[in-house]
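Among the features that Swiss-Prot reports, transit peptide is placed at 1-58. Residues or ranges marked as transmembrane segment in Swiss-Prot (evidence: sequence analysis): 95-115, 137-157, 172-192, 211-231, 269-289, 339-359.
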Amino acid sequence: MAVYHLLLSSPPSLLLLPPSPRRPNLTLIRRIPAHPRLGNSTSLLSSSSPVIRKILVRSTLREDQPIASDSESSPTLLIGEDSAAFELGKQKLVSWVYFGVVLGVVLFILNVVWIDNSTGFGKSFIDAVSNISGSPEVAMLMLILIFAIVHSGLASLRDIGEKLIGERAFRVLFAGISLPLAMSTIVYFINHRYDGSQLWQLQGVPGVHEAIWVANFVSFFFLYPSTFNLLEVAAVDKPKMHLWETGIMRITRHPQMVGQIVWCLAHTLWIGNTVAASASLGLIAHHLFGAWNGDRRLAKRYGEDFESIKKRTSVIPFAAIFEGRQVLPEDYYKEFVRLPYLAITALTVGAYFAHPLMQGASFRLHW
């Protein structure tokens, strides 16, 4: 799962529509056309100060029309980017061919350097961690801890790293170190998920399997917003730190954390033993820290823009909507009828039916 996230993850920023000729209804302002002298207002809205954004809004109004205060306009003026926007006409075939080549090369290197027991270091790494205590629960927690330190640590050093070696080189370094650790953790969990002590047994209870399946299906819609910028993940396009605001972000500001918690609870309920509980404990703790660290990094990068989005979003799903801080547009459903979400749907169904293949491949590694 974590491997899939690292391989997957650019949509253009959202433009805003002009208001009606009369006194504007700010609840309807969503797009501002590009000014002929300013060029594309997208980058200005996503990176400029609140004063510049107000000037852009003023350009769509008559001179005698007042501009609402930040508190009045913040629920409607989109500062961040439109998540999951994908325009097929703007895609370049050469970029996706390059993406396929990069993916193939990465998987080949990963197999030689880490996966293949005759040439790679994966088994030696797993054995070293397992021999620390001999307990599968401790080994599971240790693997997650190592991955979390490397993954979150490198993410925290992103600004410094990109200045030193560039965005693309840092992305390659980040993925090159994180990917083997993530795969080791996943394979160990698959191979040892039924070790440890059984805490409960619900697999024979009617309706439990169906409920678990639905929970896992829903979790993937939260887990992988990174599919919004696939070409950046592979460093085909220059990687950027995005400030998403629409789609799943309206429900929760940290969809990966929510998705991981749902996934962990579902699998722990189904497996019902100490190894699954240990894995869930480690993964949830890592994502809770990641949510805090992510907010910290976005606040440092975007300043007031992030604070404005933070005020009208929530960490707890639907909280901002119920509290009235997030006002959903009438056509909100259209933010989900997009290719990335359709791809997630297909991949989630495919992953379910591919479980026997994943389990067989993991078992053959003897990790």
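Every residue, even glycine, has its Cβ placed from backbone N, Cα and C.
Keep in mind the model is a prediction, meaning the values are calculated, not measured.
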Under a criterion of three or more Cβ pairs within a distance under 8 Å and sequence separation of at least 6, are the transmembrane segment (95-115) and the transmembrane segment (172-192) in contact? yes
What stretch in 137-157, 211-231, 269-289 has the biggest tally of Cβ pairs under 8 Å against the transmembrane segment (339-359)? 211-231
Surrounding residues of the transmembrane segment (137-157) on its own chain - C-beta under 8 Å, 6+ positions past either end: 2, 126, 129-130, 173-174, 177-178, 181-182, 184-185, 188-189, 192, 196, 274-275, 277-279, 281-283, 285-286, 289-290, 293, 297
